[in-house]
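The following block contains the structure, expressed as structure tokens.
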Amino acid sequence: MQRFIKWLAVITSLDLLIVLLGGALVTKTGSGQGCGKSWPLCNGEFVPSNLSMETIIELSHRLTSGSAGILVTLLCILSWKYYKHVRETKTLAILSFVFLVAQALMGAAAVVWGQMPAVLAIHFGISLISFASVILLTCLIFEIDQKFDARSLIMDKKMKFHIYGVTIYCYLVVYTGALVRHERASLACPDFPLCSKNRPMPTQLHEWVQMGHRLAAMLIFVWILYAMILAIRHYKQQPVVYWGWIISFILVTLQAIVGILVVFTNASLAMALLHSLFISCLFAVLCYLVMLGTRSKVNAKEAASTSKQTK
């Protein structure tokens, strides 16, 4: 059974990633109304008779979201039953399921009542939490923490501050990026790093949205760089923290490069999807570090208790 659960966890994680990228594809191609204002049917039909490209993209996104719902539900039930001895399992199972349901409801609401940019940005943010929760659940199922000796990990307050702070801030940056996409402001500023050669400062709403996202992205790049330097200096003996921050920096660097290429490739579809891919992976890695941070206090108490008993 455990072998089956591991395969299920991997497939579910990949399915949710496809859902995230599919949502970005729907937005990029303007396929949000590919099935009209009909939900769960498509243009009022179970199998639409007229299949335009927009309809195929939107319908595919709905089907992958539906399959993700089934897989996440099954994974939550089985992990709850067979991995309940791991402290975070129940919490992650609940988060995975609740946020997936919320994601589906937000998606349905966007179809039926109109696609407001702010609502669509929230839709992506909710999807990201569900994806990260399933990734963490998968890590627990594969016992990644045991392989890196993470169960005895103890962090200082400074490192935990950076982990929690960067993760929360990353989530806010995600919303600014989603707002750029849904406000169709990706090309509002045709130059980089300034908005335009002729107008270095933004003058209209779409330009402010774009430049605000760039500023937020620059700050998270610097913050992760600083946290990585701390990890390299002080956590070489804790590989999960050491490599966690190095991987985070690699991902945020790739994210920044792709973000710049979005501007210079006229917002090509490939760059837009890679932009969504890298931020999803970065957020999942940061959430794993958060989970380790929550364990650190418990580990410190257990270490202190063991030390007293030894004396």
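Yeah, the Cβs are placed from backbone N, Cα and C, and that goes for glycine too.
Swiss-Prot lists these features:
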{"type": "TOPO_DOM", "residues": "1-6", "note": "topological domain 'Cytoplasmic'"}
{"type": "TRANSMEM", "residues": "7-27", "note": "transmembrane segment"}
{"type": "TOPO_DOM", "residues": "28-62", "note": "topological domain 'Extracellular'"}
{"type": "DISULFID", "residues": "CYS35-CYS42", "note": "disulfide bond"}
{"type": "ACT_SITE", "residues": "GLU58", "note": "active site"}
{"type": "TRANSMEM", "residues": "63-83", "note": "transmembrane segment"}
{"type": "TOPO_DOM", "residues": "84-91", "note": "topological domain 'Cytoplasmic'"}
{"type": "TRANSMEM", "residues": "92-112", "note": "transmembrane segment"}
{"type": "TOPO_DOM", "residues": "113-121", "note": "topological domain 'Extracellular'"}
{"type": "TRANSMEM", "residues": "122-142", "note": "transmembrane segment"}
{"type": "TOPO_DOM", "residues": "143-159", "note": "topological domain 'Cytoplasmic'"}
{"type": "TRANSMEM", "residues": "160-180", "note": "transmembrane segment"}
{"type": "TOPO_DOM", "residues": "181-211", "note": "topological domain 'Extracellular'"}
{"type": "DISULFID", "residues": "CYS189-CYS195", "note": "disulfide bond"}
{"type": "TRANSMEM", "residues": "212-232", "note": "transmembrane segment"}
{"type": "BINDING", "residues": "HIS213, HIS275", "note": "heme b binding site"}
{"type": "TOPO_DOM", "residues": "233-243", "note": "topological domain 'Cytoplasmic'"}
{"type": "TRANSMEM", "residues": "244-264", "note": "transmembrane segment"}
{"type": "TOPO_DOM", "residues": "265-271", "note": "topological domain 'Extracellular'"}
{"type": "TRANSMEM", "residues": "272-292", "note": "transmembrane segment"}
{"type": "TOPO_DOM", "residues": "293-311", "note": "topological domain 'Cytoplasmic'"}
Report the DSSP secondary-structure composition of the topological domain 'Cytoplasmic' (84-91) as helix, strand and coil residue counts.
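Summed over the topological domain 'Cytoplasmic' (84-91), the classes give 3 helix, 0 strand, 5 coil.
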Which state, by DSSP, holds CYS42 (disulfide bond): helix, strand or coil?
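Reduced to three states, the DSSP call for CYS42 (disulfide bond) is strand.
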Give me the mean pLDDT over the topological domain 'Extracellular' (28-62), rounded to a whole number.
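In the predicted model, the topological domain 'Extracellular' (28-62) has a mean pLDDT of 79.
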Could you tell me whether the transmembrane segment (7-27) and the transmembrane segment (272-292) are in contact, taking contact to mean 3+ Cβ pairs under 8 Å with a sequence separation of 6 or more?
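Stretch pair touches.
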Taking residues 6+ outside the topological domain 'Extracellular' (28-62), which of them lie with a CB under 8 Å of any CB in it?
19, 22, 108, 110-112, 115, 120, 181, 267, 269, 272-273
Counting only residues 6 or more past its boundaries, what in the same chain has a CB within less than 8 Å of a CB in the topological domain 'Extracellular' (265-271)?
25, 28-29, 186-187, 258
Listed recorded positions are CYS35, CYS42, CYS189, CYS195, HIS213, HIS275; which of them have CA atoms within 10 A of the CA of the residue listed as 'active site'?
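The recorded positions passing the 10 Å Cα test are CYS35, CYS42.
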